[in-house]
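Since the structure comes first, as structure tokens, the remarks are kept for the end.
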Amino acid sequence: RDNFIHLCNPHLEKMKEDILYHFALGTGTHDFPALFGDVKFVCVGGSPSRMKAFITYIAEELGLGSPGCDHPNICAGTDRYAMYKVGPVLSVSHGMGIPSISIMLHELIKLLYHAKCSNITIIRIGTSGGIGLEPGSVVITRQSVDAAFKPQFEQVVLGKTVIRSTNLDEQLAQELMQCSKEIGQFNTVIGNTMCTLDFYEGQGRLDGAICSYNEEEKLKYLKEAYDSGVRNIEMESSVFAAMCNLSGVKAAVVCVTLLNRLEGDQISSSHDVLVEYQQRPQKLVGYFIKKSLGKV
């Protein structure tokens with residue numbers, strides 16, 4: 001049965017035109033079903049360059065387009081986000097932090113709705129700080145938790161606090177885990193992901209411009225996080241999970257760990273090592289897409 005995008009906003013039906021301002025796209029100027037109607041997989045990640053690299057990689061993996069061909073940025077009319085498409089795969093950048101990915105997701109979900117897309121899978125690929133894992137390990141998120149280890153996303157709407165669930169699709173997580181086993185190239189675990197509002201104090205680092213705690217307090221907090229099931233820390237997963245849940249979209253978060261936060265705060269691996277680490281989530285998700293399309 002086809003599963004279409006669910007919009008939690010009755011006001012949109014009354015609008016003659018919907019302008020997706022931060023994408024430089026609009027229903028009055030673009031034919032969304034023609035442009036995006038065949039999309040089945042959406043991959044989102046922080047930087048435009050990483051998402052362009054992903055679409056280039058997936059194009060080669062799926063045998064779409066000529067080798068070395070350029071993939072134009074669909075959102076070239078804005079410098080907020082970048083978007084690339086090849087076949088049934090859409091690749092979109094979301095910037096850094098909850099506010100940035102939230103804005104992108106509002107417009108992405110509307111884009112998929114206007115395009116009449118069905119049976120969509122959205123996967124965030126990215127980097128993170130690991131807890132108790134070797135650098136280079138990949139974490140598939142079971143559920144996103146806040147800085148108090150609660151599986152929820154909290155937002156103030158019209159002056160009132162609204163709390164939304166941050167669970168992710170369990171079957172999709174297991175399918176991704178099976179794909180990693182079949183690839184057999186890097187350590188992969190399923191665990192909780194802590195989503196914070198900040199890279200420094202919010203994640204218990206000792207190397208920011210401001211720090212009001214000592215190393216013993218920091219390690220105590222990170223060990224409590226580990227004991228609660230947290231295996232990595234990043235800054236986007238909670239609102240990503242909450243918004244995908246509300247829109248009825250199957251979603252997953254796949255992040256590589258760049259360091260073990262129990263052993264330090266600064267990322268000290270060489271550029272080449274970090275580049276290889278960052279390719280691991282795209283390899284896993286690329287394999288999953290190929291397998292889903294019967295190309296493995």
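Heads up, the Cβ atoms here are built off N, Cα and C, so glycines get one too.
According to TrEMBL, the phosphate binding site annotation covers R80, R124, I125, G126, T127. Residues or ranges marked as substrate binding site by TrEMBL: Q203, R205. The domain 'Nucleoside phosphorylase' feature in TrEMBL is assigned to 40-289.
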Whole-number Å value for how far R205 (substrate binding site) lies from G126 (phosphate binding site) (Cα to Cα):
20
State the Cα to Cα distance, in Å, between I125 (phosphate binding site) and Q203 (substrate binding site), rounded to an integer.
20
Per the record, phosphate is bound by R80, R124, I125, G126, T127: how many Å separate the farthest pair of Cα atoms?
20
Using all protein chains in view, find how many other C-beta atoms are within 10 Å of the C-beta of I125 (phosphate binding site).
26
